[in-house]
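**Q** Before I ask anything, let me first share the structure, which is written out below as structure tokens.
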Amino acid sequence: MTADTLTAAPGRSLKGEMVVPGDKSISHRALILGALADGETRIEGLLESRDVLATADAVRAFGAAVERIAAGSWRVRGGPWQSPVHPIDCGNSGTSARMLMGAAAGFPVDVVFTGDESLSRRPMDRVLEPLREMGAEVFSSNGGRLPVRLRGGRLRGLRYRSKVASAQVKSAVLLAGLHAAGEVEVWEPGPSRDHTESMLESFGCDLDREAGVARLGFRRALKATHVQVPGDPSSAAFPLVAAVLTPGSRVLLSSVLLNPLRTGLLTTLAEMGADLRIDRMGGEVADIEVRHSPLRSIDVPASRVPSMVDEYPILAIAAAFAAGRTVLRGLSELRVKECDRVEAIVSGLLACGVECWTQDDDLFIEGCAGPPPGGACVSAQGDHRIAMSFLVLGLASQQPVTVDSAESIGTSFPGFAGTMRELGAEIG
């Protein structure tokens, strides 16, 4: 095997307790809001992945004082943002790019945002459009993609009707609106993650929320606070599904975020017959115990996409083991992620001996009612979630599965392979 590949082999049950890495969405927001706030913000449980560290480097370049105290423990001292000396490299992180554009637009800065090859193929127009309407000067010579040059300051209010339910679009407008003159509100056609709204409130911002609408109030100056980052449900999805699929497994995932807008995978797996036990610890955090379970097929409606958009690759793996035909509907948003995830899922499943096909944006998977053949080398196409998903398949398939682009896993779950090995998995 090369340094960029990993192989997962079947035959071992998973047992033990796992502390889930900090939530990526909340980690990004903690750094950005801390950099916008007056005073020193303390962050505990920060996810130290490549994506989040790109955000840390970015807010530091804008003038915030950012310090790592210990593993997962950080402090940020914010204030007015300044033009950075060099372009802001967002790496592979679309969250960094879109949210930082919104946050920077409210200051008199001149900045260029760049990213890696994958991120430079992803659309940014859905964020650039409202920022232009608010008065920011935004330029892209790559068809609404990175690199993007932004000149901010002197923004006006905006009542924006988003064409898609997107937490990143909503967040960009709200962050820009912190320094805009006039009313700022975002209307969405459906629910999306509400971490930005909740965290703005915890930083002292007035915010009105009702069905489909987020509206900034009069008090918009942010005050430093303490942020405790819970475990990421999107990262928890991989050991969770691995335990469901691997005979004899019993795993406890501790301190996992169960925000109602992030629980689509748990709902779907329960409907498929997964043995899940949830012990709520207060608020939106819970321990999840999962045991090996036979699964049945399901028809997942498009309305569930916002609540588990990042979990469809691992859900597709679960469907490959289920009895019957599973249908995953309305997956257009998966085509503009780190790669075309629909295509990557289909390619990987076919290579592993699982019958599947697409019809428009719907994915059909003929489950094997048990372990699929496996025995393939799967191209993860540089996508961390595709890589981890097919490693999970390899833990319970008939033959081992090798995945390329394994280095991409550091985007969201550093130490994934080691953590899984501690539970008993054979990954190397």
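Note: Cβ is positioned from N, Cα and C throughout, glycine not excepted.
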**Q** Name the residue, out of ARG209, ARG296, ARG385, that TrEMBL lists for the same phosphoenolpyruvate site as LYS24, GLY94, ARG122, GLN168, ARG341, please.
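**A** Candidate in the recorded phosphoenolpyruvate site: ARG385.
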**Q** Considering only the binding-site residues SER166, ASP310, LYS337, which residue has the minimal Cα-Cα separation from LYS24 (phosphoenolpyruvate binding site)?
**A** ASP310
**Q** Which whole number is the mean pLDDT over the domain 'Enolpyruvate transferase' (10-419)?
**A** 97
**Q** Should SER25 (3-phosphoshikimate binding site) be counted as helix, strand, or coil on the basis of DSSP?
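**A** Assignment for SER25 (3-phosphoshikimate binding site) reads helix.
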**Q** C-alpha of SER25 (3-phosphoshikimate binding site) to C-alpha of GLN168 (phosphoenolpyruvate binding site): distance in Å?
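**A** For SER25 (3-phosphoshikimate binding site) versus GLN168 (phosphoenolpyruvate binding site), the Cα atoms are 10 Å apart.
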**Q** Have a look around GLN168 (phosphoenolpyruvate binding site) and count the other CB atoms within 10 A of its CB, chains all included.
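**A** A count of 24.
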